[in-house]
Amino acid sequence: MPQIGLVSAVNLRVQGNSAYLWSSRSSLGTDSQDGCSQRNSLCFGGSDSMSHRLKIRNPHSITRRLAKDFRPLKVVCIDYPRPELDNTVNYLEAAFLSSSFRSSPRPTKPLEIVIAGAGLGGLSTAKYLADAGHKPILLEARDVLGGKVAAWKDDDGDWYETGLHIFFGAYPNMQNLFGELGINDRLQWKEHSMIFAMPNKPGEFSRFDFPEALPAPLNGILAILKNNEMLTWPEKVKFAIGLLPAMLGGQSYVEAQDGISVKDWMRKQGVPDRVTDEVFIAMSKALNFINPDELSMQCILIALNRFLQEKHGSKMAFLDGNPPERLCMPIVEHIESKGGQVRLNSRIKKIELNEDGSVKCFILNDGSTIEGDAFVFATPVDIFKLLLPEDWKEIPYFQKLEKLVGVPVINVHIWFDRKLKNTSDNLLFSRSPLLSVYADMSVTCKEYYDPNKSMLELVFAPAEEWVSRSDSEIIDATMKELAKLFPDEISADQSKAKILKYHVVKTPRSVYKTVPGCEPCRLLQRSPVEGFYLAGDYTKQKYLASMEGAVLSGKLCAQAIVQDYELLVGRSQRKLAETSVV
């Protein structure tokens, strides 16, 4: 992962002007005769600015020469090969679940399943039901796919997104989904490092580099031990001792930590507060948009468990373009190719019940009704709670939802009039009190690539006190924080880099707020109401409130429906018989 715009072989504190390069890590030094590498190249379709080809005979000699002349690259855009994920236990487990839908007996009467919400949970549910031979009808309230990964195109043709979405190696169901759709090449894998800004040293960063040659957890342990800028050796030792119970206790220990906050758990384990301040404020905000005094320790341990036990678990990839087109549309096309339907602008007004309390139909805003053999709600938990029928509110299963509340988050996009130098081809942890993670999307993402101007996408969190404020106030506050990250290039008054335009996307209720005591409130996908199911990252599954959790929840929801096939067919037949008698 290049830091401050440089490949790791170069002195990271030296900055200067030079050309931008974009290549594949696996193809360096293997250029074809026309100047483009045979596997990946500088030339990307769909952008005039990507049509120029550079012949790079030896990139490593270039970096050595630049270091000597103090004219290093601003950033070397390098996409790394897809890591070897396919033989990991979690990937194979996810692959087996996927294959169970394709190999299940074809239904004599395919079920029509009405699904509310075309986020990743709803799309996943529909995709795997279609694989099992059923006919999903997926309804999306808005005119855009994706839910929490939605994005929009402005009048200039530029995209702005709901969030800054990172695809980890520790996302086995998501990685399987990309493979099943044949779009693995749409993930741009970055160098296996985590880069943290140094608040006390404006403009400087500290790295955790995971060595490729070592297996997990040794690669992660060495990455921590080699970093001497954020933690002292005594702090590392105390932190390691504090983590021992989690490493030895396994999943049962992790689940038992749901009731304690990150900050309280660290103190209980004798871990210095400075470790929490230096590392876990940034990690907590990245995982759930809140600080460690609020976040459940279970959330952190789930992430650490994946990152430390899987060699490529913490390796990160960016999608090569906007999520609705590059990820969601392939899922929709797959669903429709198997006879399913996806309908936009289909907002649900009411869940209409039968006399026995089961679902009769969904009533849409336009007054139309949608009936089916089964019904799924795959919306965010707050939307489902708003539409929860009165007759269901006394059912203990649904009463558990009361504690689950979405956390507010803001995603900020700023287009600058110049290319920023103090950036990197990867995700960056700002360690700012107002900002969480950020990236220069003009570098990390092919569709957003711009050789002349930077576009920073930043997660503004915690956002509870800011979500009701004006966009201009949020931008002003963001610029003050960016002035610390880019002291030579950005000032709050724009006397340096100037803003060309910006977009602020507010999500008042995003993923559920993972405070202590929430785990028992996460519901199984099969509800006690016959024929009604739930999907979404807030439902019961072993991953965080994340894209991976949403995809897995959809698979588990589809699995429950397939398992209930005979029951649902019998229910439909009874309903048909009752209608005939009337």
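Including glycine, each Cβ sits where the backbone N, Cα and C put it.
Annotation source Swiss-Prot lists FAD binding site at Glu140, Ala141, Lys148, His165, Ile166, Tyr171, Ile348, Asp537, Met547, citing similarity to another entry. Around Glu140 (FAD binding site), a 10 Å sphere centred on its CB holds 27 further CB atoms from the protein chains shown.
In sequence order, Asn90, Phe168, Ala170, Gly313, Ser314 constitute the residues six or more apart from Arg306 (substrate binding site) in its chain with CB-CB distances below 8 Å. Summarising the annotation, Swiss-Prot assigns substrate binding site to Arg306, Ala545.
If you look up Swiss-Prot, you'll see 1-110 marked as transit peptide.
Per Cα geometry, Lys148 is the residue among the binding-site residues Glu140, Lys148, Ile166, Ile348 nearest to Ala545 (substrate binding site). Of the residues the record lists as binding FAD, namely Glu140, Ala141, Lys148, His165, Ile166, Tyr171, Ile348, Asp537, Met547, the two whose Cα atoms sit farthest apart are 31 Å from each other. Taking a C-beta cut-off of under 8 angstroms and a sequence separation of 6 or more, Ile348 (FAD binding site) has the following same-chain neighbours: Ala116, Leu139, Ala141, Phe362, Ile363, Leu364, Asn365, Leu387. When Cβ atoms from all protein chains are considered, those within 10 Å of Ala545 (substrate binding site) total 27, not counting its own. Over all protein chains present, the Cβ of Ile166 (FAD binding site) has 19 other Cβ atoms lying within 10 Å. Classification of Arg306 (substrate binding site) by DSSP places it within a helix. Neighbour density for Met547 (FAD binding site): within 10 A of its CB lie 28 other CB atoms from the protein chains shown. Annotation note: Met547 (FAD binding site) sits in a helical segment as assigned by DSSP.
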